[in-house]
Amino acid sequence: MALRSLSKIDQLLLGVDKALRAVVPHSNPSTRPLPVSSDEIPELSITESRHVAGLMRINHTGEVCAQGLYHGQAFTAKDNSVKRAMQQSAEEEVDHLVWCETRLSELGSHPSVFTPLWYGMSFGLGAVAGAISNEFSLGFVAETEAQVSEHLQDHIGQLPPQDQRSKEILAQMDSEELHHRELALANGGAALSPLMRHTMRWMANRMKATAYHF
């Protein structure tokens, strides 16, 4: 349904539904299967399993933050084409959310207990970015996706050699994050200041340190 055909109440209800789906585990259907070459679950030691679960919890939290960011930006973006771009990217990343949840379940673990907090903070940041300007909003997305790609590549390097399953999931996510970055830049995203990029990285590091354990 086109954005312009929705009433304010409809848009609010749709936003609440999207928020709940982002923070409630296993509430989203995946439109694509896990991007893995085998259904075999790799054997991991207890220590390895805990470490991989910590990494996947970080990645799941990152996807929750991405949902909040995109939803917030779509809520305040001034241009309907930008709103549509934000919503399309958010919908594509729902699969990432589901893939991380699935792998966490396979590892006998769970998402971060602070998931609602991460979503709320990200929604607020996205809404502010969207209200400033389309160029800033899209630049914020581009920088976010670049930093997400960095930590995905770092996590791939930390995985146990036998955990090809997690590696393939993260590799597919990384490829799509970079595509979303290029899409944001192609739609007019502006480069952020060094201070802004540093602040975003600092906040992301705090999130990762917390989500790994909780």
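Every residue gets a Cβ built from N, Cα and C, even glycine.
Copied from Swiss-Prot, the annotated features are:
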BINDING   Glu63, Glu93, His96, Glu177  Fe cation 1 binding site
BINDING   Glu93, Glu145, Glu177, His180  Fe cation 2 binding site
Notebook entry, point to check: Over all shown protein chains, what is the count of other CB atoms within 10 A of the CB belonging to His96 (Fe cation 1 binding site)?
Noted result: 27
Note to self: At a 10 Å cut-off from the C-beta of Glu93 (Fe cation 1 binding site), count the other C-beta atoms across all protein chains.
What the structure shows: 24
Note to self: I'd like the Cβ neighbour count for His180 (Fe cation 2 binding site), meaning other Cβ atoms within 10 Å of its Cβ, all protein chains included.
What the structure shows: 23
Note to self: Can you tell me whether DSSP puts Glu93 (Fe cation 1 binding site) in helix, strand or coil?
What the structure shows: helix
Note to self: Using the CB centroid of Glu93, Glu145, Glu177, His180 as the Fe cation 2 site centre, which other residues of the same chain sit with their CB within 8 A?
What the structure shows: Ala66, Ser89, Glu92, Val141, Thr144, Val148, Ser149, Glu176, Leu178, His179, Arg181
Margin query: Around the Fe cation 1 site formed by Glu63, Glu93, His96, Glu177, which additional residues qualify by having Cβ within 8 Å of the site's Cβ center?
Written below: Gly62, Ala66, Glu92, Asp95, Leu97, Val148, Met173, Glu176
